[in-house]
C-alpha cells in the first residue's frame, strides 16, 4: 500500500446512491408541478379540483415514461453467499450480490455482510453499458484492469459477447426497441395533452390509448429475452435468479391506466359530453351565452322620424 491506496489500481469506487439522469428528470417535472400549484389558487370552484387531478396525473405519467429509460431495475436479482473476493486468493467473504438489468445496460452490486471485511470496505456498484454507441466488452476489460472483485467480474462475464450464454445481443436489441417505443409513447403523451386542452376531447382519448399501447409494446419487446434459457449464475453454493423489477411493473400499471382513462374519455364523449366538458373545463356558460339585455334604450328622434 502507498499511503493507504493500492499503487497499481485506481482508488476503490463507492456504490452509487442516485442516478444523475433520474434526478434531473424528476427535478424538471417537480418544477412544472410546483409552478402549477402556484397558479392553482386562481382557478375558482370545482374546476380547481379537476385541474389539479388532471395536471398531476398527466405529469406523473410523463415523468414515469422518461425515468424508466434510465433506471436499472427492469430485471433484478439478489443472492447472499460466501464467495472468493479476489482472483488467485482463497479468502472467502460473506456478501450480497445484486444484478440490476436496465434498457441501456446492467449494474452489479456487491455489498459485504458486514461491509468492512479483510481490512477493506466491500461496497461496489459497477455499471456495464450495452446500448448502441457503448462497448460492453471494453467496459468488462476495464473492470479486469482495475482489479474488480471476482463476483462482479463473474456476473459481468455472463453477459459479454464471448460468453457461451449468448444473451448479450438479445438484451441489447430488446432494450433498444423497448426504449424506442417508450420515446414514441412520450411523444403521443404530449400530443394527448395538447388535444385535451382543445375542444377535441375524443381525439385526446384516442391518443391516450395509443400511448398505453406503445407502453405495452415496450414491455413485450423487453420480455422477448425470456424466450431463450438463461445461464445459471452460480456464486458459491447459491444461484442468482432474476425476475421482473419495479420499472417493468410500473410501466405495466401506467399503460393499463392510460387504457382506462382513454376508454373512459371516449365513452363519456358518446354518453355524457356535457359532464366530460365540465371535467376538462371546456363547458360554455349557457347563462352568459343566452343572456338577454335587461334594458333597451331607444333614441326618440329616430322613432318620431320613422
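The backbone N, Cα and C atoms fix where each Cβ goes, glycine too.
Quantities reported herein were computed from a predicted structural model and do not represent experimental measurements.
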The residue range that TrEMBL labels transmembrane segment, out of 143-162, 203-222, is 203-222
The recorded stretch from 20-39, 177-196, 242-267 sharing the largest number of CB pairs under 8 A with the transmembrane segment (203-222) is 242-267
Long-range CB partners for the transmembrane segment (177-196) (under 8 A, at least six residues beyond its ends), listed in sequence order, are 54, 58, 61-62, 65-66, 68-69, 103-104, 131, 203-204, 207-208, 210-212, 214-215, 217-219, 221-222, 251, 280
